[in-house]
Amino acid sequence: MEFYFYAVFGIQVIFLVALEFGRSGKDRISTSPAFNAFKNNYLVVYSLMMAGDWLQGPYVYALYVYYGYTKGDIGKLFIAGFGSSMLFGTIVGSLADRYGRKRMSVLYCITYILSCFTKHSPQYRVLMLGRVLGGIATSLLFSSFESWLVAEHFKRGFEAQWLSLTFSKAIFLGNGLIAIIAGLVANTLAGTFNFGPVSPFDAAVCVLAVGMAIILMTWAENYGDQTEGKSIIDQFTKAASAIAADEKIALLGAIQSLFEGSMYTFVFLWTPALSPNDQMIPFGFIFATFMLASMLGSSLASRLMSRSNLRVESYMQVVFAVASGSLCLPVIIQVRRLTCIFFEDSICFVYYSERFWYCLKSVVLEAVDDFLLGF
């Protein structure tokens with residue numbers, strides 16, 4: 001079975017390399033040495049922050065099984081993490097604007113490090129606390145760092161078009177290459193070296209500590225607009241009014257919510273689906289394979305979006321149909337007896353999920369104003 005996993009991984013690598021080398025070359029944008037130093041500093045920090053997150057992904061469920069908890073108990077732990085992220089995510093932007101993006105970035109490191117420490121305890125209450133801390137950290141990760149980057153970019157007087165260079169590199173590294181490497185490292189620590197399922201979390205602590213040190217030594221503090229002074233209730237009221245006034249915004253929210261529902265269900269269940277008898281399989285390697293599929297989806301989505309004769313709305317319907325079908329097939333043919341089929345369909349789902357997210361961004365940018373994007 002492991003040979004099969006490795007073969008699928010290798011095939012995806014070949015396809016990805018072929019796609020990336022087949023891209024048409026783009027004109028290089030002339031920048032300054034000061035900007036390049038700034039960009040590289042951010043990319044190093046962001047890559048370390050994402051590595052600290054991705055290292056944990058393959059072995060979260062496996063660790064809880066290792067401690068002897070049932071699927072129901074583990075489900076409650078996952079709900080706690082998603083719930084804390086949802087609740088804290090509504091206010092984290094305002095907190096970062098008020099108290100500083102650098103402080104919130106450091107808080108992310110501290111919170112996630114504490115969350116990783118809790119993984120050494122088999123006690124359920126300690127693990128629950130770790131999930132809550134992890135949910136808070138996730139909210140900080142996907143708000144504070146980008147906010148700091150945008151504000152600092154313009155504060156230093158760099159040209160607006162240069163910002164896209166940093167973002168594109170950050171997406172390629174943080175959401176692609178680093179995720180794949182993190183999966184392989186986690187698999188090496190827990191499987192090859194047999195350090196156990198908690199070892200990837202210890203590695204995440206080290207990575208986050210290094211990133212936090214770089215932030216403390218090299219980043220300047222910046223804040224949001226302090227003149228508006230709008231409360232959270234005022235922001236919710238304005239957002240609700242905008243949604244009620246434009247049907248497209250409400251529909252986009254519904255589409256994203258429904259897709260995220262299926263995605264997070266997959267995040268929770270892929271481990272027990274591939275390991276129905278709680279056997280130890282190369283979770284990190286499988287996770288890296290999923291991330292390769294994600295990069296393939298992103299690469300092909302960018303090619304589709306570059307074609308002016310294709311509307312995003314048209315092929316997004318195909319994305320939904322195929323992603324749905326990829327999850328239906330294992331149910332129909334009883335995945336517990338056909339692990340290979342579920343693995344293939346999981347790759348298909350992750351691939352089309354990335355195409356969904358890539359395409360959704362362009363639709364949202366057309367339909368939603370800046371306030372709602374920040375909200």
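Glycine is treated like the rest: Cβ placed from N, Cα and C.
Listed features, source TrEMBL:
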| type | residues | note |
| --- | --- | --- |
| TRANSMEM | 6-22 | transmembrane segment |
| TRANSMEM | 43-65 | transmembrane segment |
| TRANSMEM | 77-96 | transmembrane segment |
| TRANSMEM | 128-150 | transmembrane segment |
| TRANSMEM | 170-189 | transmembrane segment |
| TRANSMEM | 201-220 | transmembrane segment |
| TRANSMEM | 280-302 | transmembrane segment |
| TRANSMEM | 314-333 | transmembrane segment |
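Counting Cβ pairs closer than 8 Å to the transmembrane segment (128-150), the top stretch among 6-22, 43-65, 201-220 is 43-65. Recorded stretches compared: 43-65, 280-302, 314-333; the one with the most Cβ pairs under 8 Å to the transmembrane segment (6-22) is 280-302. By the count of Cβ pairs under 8 Å, the stretch nearest in packing to the transmembrane segment (170-189) among 201-220, 280-302, 314-333 is 280-302.
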